[in-house]
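The structure appears below as structure tokens.
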Amino acid sequence: MNKPFIDVLAGQRQSAPPVWMMRQAGRYLPEYREVRAKAGGFLDLCFNPEMAAEVTLQPIRRFGFDAAIIFSDILVIPHALGRSVRFEVGEGPRLDPLDTPEKIATLAGHADLTKLDAVFEALRRVRAELPKSTALIGFCGAPWTVATYMVAGQGTPDQAPARLLAYAQPEAFSRIIDALVESSIAYLLKQLEAGADALQIFDTWAGVLSPREFARWSAAPTRRIVEGVRNARPDAKIIGFPRGAGALLPGYVAETAVDAVSIDWTAEPSLVRERVQSKVAVQGNLDPLALMTGGAALDQAVDDVLASYAGGRHIFNLGHGILPETPIAHVEQMLKRVRAYKG
């Protein structure tokens, strides 16, 4: 049976675009909150194959999305590199900062992927239960974005600690990037082996970089990951998500050779249509706040996205993750409108 999501990545335009949502397994769902409460900590949920598989499948059962994305986190790679990673309630991730060349010199060059066996087992469990027409997405964080957390030891408003280190100590910073590139290649290949149909590389903080730094620290490492995966799996379908890239999107697509690019809601539609969608599939890009608002505002926002990208290959998604406060009825409203569309 065909998988519409994979068909788009393979070059086939669909009249009604396939649809899924970033963070579709999340706190807006009561069934997720129930499992999350049983799991204990966030990483406990990520590393419990039974629970991680369950929350991955929940939005598929409820909404029938065209793709499931494995429930995990971009910071499992630092964990596999031997770094301390913990999630504190109300504060987000905490790591031991790698903010000097001396500390960076202690970083392992390759991840111990046995620490991520639970992720691969969760993928196998989801694969066994997914409908035949539903794709399964594996993922990793892009090296730049993961490095911002590793350098600062936490999320920061403007990623200044990583940006400063990259300017002041580029050789030391490159060591972090190199370790993340090699580890991400191995991690993504193991996800494909475990049953993933496609992969997404999340570069959440790409948009804070200058054009020169974007080319060096976002696009180039992503290209290396794509090349490394395809050297072993030439048929691998890979989506890049350089959030906030804006006018740099065409260059990113050309440099990385991804099969599709996910875009946020600030992307200029004419630029994307003419210089991006003419070459690869486009995924996105509903504003999560429009989804949270609902009503006529949501209908208009959905229609705008559909009309903007109807002429080419398109996967309907949000421009970033769904917000926890979003009513389920608004997701149903969005899906009804997308599925009725005949572009």
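Cβ atoms here come from the backbone N, Cα and C positions, even for glycine.
Feature annotations, courtesy of Swiss-Prot:
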- Arg23, Gln24, Ala25, Gly26, Arg27, Asp73, Tyr149, Thr204, His320: substrate binding site (BINDING)
- Asp73: site 'Transition state stabilizer' (SITE)
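Here the binding-site residues are Arg27, His320, and the one ringed by the most other CB atoms within 10 angstroms is His320. Within the same chain, residues at least six positions away from Tyr149 (substrate binding site) with a Cβ under 8 Å of its Cβ are Leu75, Pro78, Pro93, Leu95, Gly155.
Neighbour counts of Cβ atoms within 10 Å were compared for the recorded positions Arg23, Ala25, Asp73, and the top value is held by Ala25.
Across the structure, Asp73 (site 'Transition state stabilizer') and Ala25 (substrate binding site) place their CA atoms 12 angstrom apart. For the substrate site, whose binding residues are given in the record as Arg23, Gln24, Ala25, Gly26, Arg27, Asp73, Tyr149, Thr204, His320, the maximum C-alpha distance rounds to 23 Å.
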